[in-house]
Number of protein chains: 2
Amino acid sequence: MPQFLDTTAHEFEQAFLALLSAKREDSPDVDEVVAAIIADVRTRGDVAVIELTERFDRIALTPDGLRFSPSEVDEAIDRVPAAERQALELAAERIRAYHERQMPADDEWTDVTGATLGWRWSAVAAAGLYVPGGLASYPSSVLMNAVPAKVAGVGRLAIAVPTPDGVVNPLVLLAARLAGVDEIYRIGGAQAIAALAYGTESIAPVDKITGPGNAFVAAAKRRVFGKVGIDMIAGPSEILVIADKDNEPDWIALDLLSQAEHDESAQSILITDDADFGRAVADAVEARLQTLERREIAGASWRDFGAVIVVRDLDEAAVLSNRIAPEHLELCVADPDGLSRKTTHAGAIFLGQYTPEAIGDYVGGPNHVLPTARSARFSSGLSVMDFLKRTTVARMTPEALRAIGPSAETLARSESLEAHGLSVRARLDRLNG
Amino acid sequence: MPQFLDTTAHEFEQAFLALLSAKREDSPDVDEVVAAIIADVRTRGDVAVIELTERFDRIALTPDGLRFSPSEVDEAIDRVPAAERQALELAAERIRAYHERQMPADDEWTDVTGATLGWRWSAVAAAGLYVPGGLASYPSSVLMNAVPAKVAGVGRLAIAVPTPDGVVNPLVLLAARLAGVDEIYRIGGAQAIAALAYGTESIAPVDKITGPGNAFVAAAKRRVFGKVGIDMIAGPSEILVIADKDNEPDWIALDLLSQAEHDESAQSILITDDADFGRAVADAVEARLQTLERREIAGASWRDFGAVIVVRDLDEAAVLSNRIAPEHLELCVADPDGLSRKTTHAGAIFLGQYTPEAIGDYVGGPNHVLPTARSARFSSGLSVMDFLKRTTVARMTPEALRAIGPSAETLARSESLEAHGLSVRARLDRLNG
């Protein structure tokens, strides 16, 4: 059974703070190992990558074999059943449509002084996407990373996906194909991140690396950050469901379990204004846990980090939600739109009882790579913006320089930056003389 | 004298690669010291901050005195001469006008299935801005960080600015006032970053920290990242000027020196299609270095990291520029707009001979906090986006769930996430039955 909290209880604030600060993840310290792997790949290139892949993934590769050939991809994709292919195609199409609307516009204007100002967006030239192998090899994550990159206009998109014992998930290759990925490498771990960041004889370096991974991958991403851009380092998944009593307890239970089944460190929280409903949901969770395939994982997550919080009213729920700043927020209440406008710190909001969070994981359209561990207070989910950068532009006319140049000169002198001031003054003297 | 490179020379590629990879900065390893300071502030709060401030800044504070009172700010601001006040007001106004145009729009639409999709932007609730003390205490940087934060709608904006021996730059306080900063603390170093990230008895924690600082500040920002958001860790400043022979060599020389005077690790590069012009600019730099106030710093930067590159034509200049991905790019050529469209990897572009980079540092309007060390390949300058986050929203109707739910169920099963599939299936069964 999870924790039950009640905002009217004397000790609520203390219990809620404990829930907020619960350390759910113990990342092993692999930083030294990772540093050595990166140094090795930088020094020895392909040879290092091949040796490390043999050691960790138990497959012997040649430099030519690091990359999947088009016919290898074709062959794997042919094995995908029609229903799964169609589902993946629908998902790709909907994710593409959503992210196309995110593309920001360039701007340019002339102000009262005659100065032309603006900015231009351009795509990262080359990006790399890490895809975990084995159990957590999710084709949906390939789409969620690769589609925004291609919509943004990334010219060269490479995937690194380890194939332990040579096993590859055909759906991952199909998702890569549907998204328009240009290169797929059968490498993983810190060696894959190093190869993407620094390049080897067979793998050209990229400018940005995104995608989830284990502790080694996360540590490697942190280390190559600066040389290349990276996306956020994601923590265990979370969901907060705010539900009133007019819901089916079993549906809410399944929504809570669909986060809990990801990982023993995942966290599922229900906030309700009806204590009886809260107990009914908890009972429904227990019932589902009798038969769920991943009941050990989901059960551990629910027992260790799950919570049911009973509030006085939904305004109080909104306040708590903003303090939690959940990755996923499901609003199963009579007026979900109204409540959503009060819950500003959340990665993604799912409105109404017919929008289970799982829809957002696959086919809704919005991205499922979202800020965890309360970082929705200051960051956003993955989007086309992660694969774009903005260059500002400014052009002064002689008149504009006359109008604002003297102020620049004054400020430069006040900051003791003489050459800054002189670079303006030399031009003004010419214009005035 | 700086390096002279010529793209027609046999050894050019090697020399250019050496220039690109020159290590200009040796950051001292202060990580252990910083970790201890952060732990101390987390444990002892105000007491630790006060002790550390006494040790490093030689001033004795009380908890009440950590923050500047409004009358202390008033008093300091009254000492600012009228010309500097007016210049700062003009800068604030222009920076505000530029950044107001950056505000992104919310979006919401209904697709063919009946699903409502969209996103909403919201501001970070509280942000902290670090302002270095002493020599590098730049009021312009206060405006460049604080104005976008307030334009974005940050509710609570706090500044930390150390005041060694009690000395404060009145222009910094005036810039804070003009930008609408809410709280100003006279603390600095890693202890200030820790106080902003974790809070103390007297300082409420923030959600995002931006602003430049020394090695201790940078290491502290790296350490608190995750607990709060941070901006980029900026390296030494850089400028690339592309100029044809129809320019005044002295103007270009001053533009190169206005980066070089920042820091011995700064880098100034000229690319020109005319070797004689390149030599004339180098001569003009030497002439200016005879008298420039910061000639020792600027001279060291120009000697150690400066370069003049002679190219065959301006298309070649654009290719090299994209490989450099400069923080600042000045285009002093006959058709700067045309050339700017070929140079997509740059933090900020300054078009034409009447737009010295110094204009952008103060009064142009665009931000002067820009990506350094080739990171313009994958990142952008500071903007309102750094103080906003996006929440995606999705709402399914029963019809929409019928249309796309089965595909979500199929993909969930293929990823062995049974509860995900069941959360969709349970609803579909009700709708269908």
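Note: Cβ is positioned from N, Cα and C throughout, glycine not excepted.
Copied over from TrEMBL:
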- A:Tyr130, A:Gln191, A:Asn214: NAD(+) binding site (BINDING)
- A:Ser237, A:Gln259, A:His262, A:His328, A:Asp361, A:Glu415, A:His420: substrate binding site (BINDING)
- A:Gln259, A:His262, A:Asp361, A:His420: Zn(2+) binding site (BINDING)
- A:Glu327: active site, proton acceptor (ACT_SITE)
- A:His328: active site, proton acceptor (ACT_SITE)
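Known features from TrEMBL, placed on the structure.
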residue	record	DSSP class
A:Tyr130	NAD(+) binding site	strand
A:Gln191	NAD(+) binding site	helix
A:Asn214	NAD(+) binding site	coil
A:Ser237	substrate binding site	coil
A:Gln259	substrate binding site	helix
A:Glu327	active site, proton acceptor	coil
A:Asp361	substrate binding site	helix
A:Glu415	substrate binding site	coil
Specify the nearest of the recorded positions A:Tyr130, A:Asn214, A:Glu327 to A:Asp361 (substrate binding site), where nearness means the distance between Cα atoms.
A:Glu327
What's the number of neighbouring CB atoms sitting within 10 A of the CB on A:Glu327 (active site, proton acceptor)?
29
Cβ within 8 Å of the NAD(+) site centroid (A:Tyr130, A:Gln191, A:Asn214 excluded): which residues?
A:Pro132, A:Ala160, A:Pro162, A:Gly188, A:Gly189, A:Ala190, A:Ala192, A:Ile193, A:Gly213, A:Phe216, A:Val217, A:Ala220
Quick one: what's DSSP say for A:His420 (substrate binding site), helix, strand or coil?
helix
Using the alpha carbons only, what distance in Å do you get between A:Glu327 (active site, proton acceptor) and A:Ser237 (substrate binding site) once rounded?
7
Neighbour count, 10 Å Cβ-Cβ cut-off, for A:Gln191 (NAD(+) binding site): what number do you get?
28
What subset of the binding-site residues A:His328, A:Glu415, A:His420 has a Cβ sitting under 8 Å from a Cβ of chain B?
A:Glu415, A:His420
Maximum Cα-Cα separation in Å among residues A:Ser237, A:Gln259, A:His262, A:His328, A:Asp361, A:Glu415, A:His420, which the record lists as binding substrate:
56
Neighbour-count leader, CB within 10 A, binding-site residues: A:His262, A:His328, A:His420:
A:His420
Restricting the comparison to the binding-site residues A:Gln259, A:His262, A:Glu415, A:His420, which residue's C-alpha is spatially nearest the C-alpha of A:Tyr130 (NAD(+) binding site)?
A:His262
Would you mind ranking the binding-site residues A:Asp361, A:Glu415 by how many other Cβ atoms sit within 10 Å of each Cβ and giving me the lowest?
A:Glu415
Between the two most separated Cα atoms in A:Tyr130, A:Gln191, A:Asn214, the residues recorded as binding NAD(+), what distance in Å do you get?
13
Counting every protein chain present, what is the number of Cβ atoms, excluding its own, within 10 Å of the Cβ of A:Asn214 (NAD(+) binding site)?
17
Pairwise CA distance, A:Ser237 (substrate binding site) versus A:Asn214 (NAD(+) binding site), rounded so that it is a whole Å:
14
Among the binding-site residues listed here, A:Ser237, A:Gln259, which has the most company in the form of other Cβ atoms within 10 Å of its Cβ?
A:Gln259
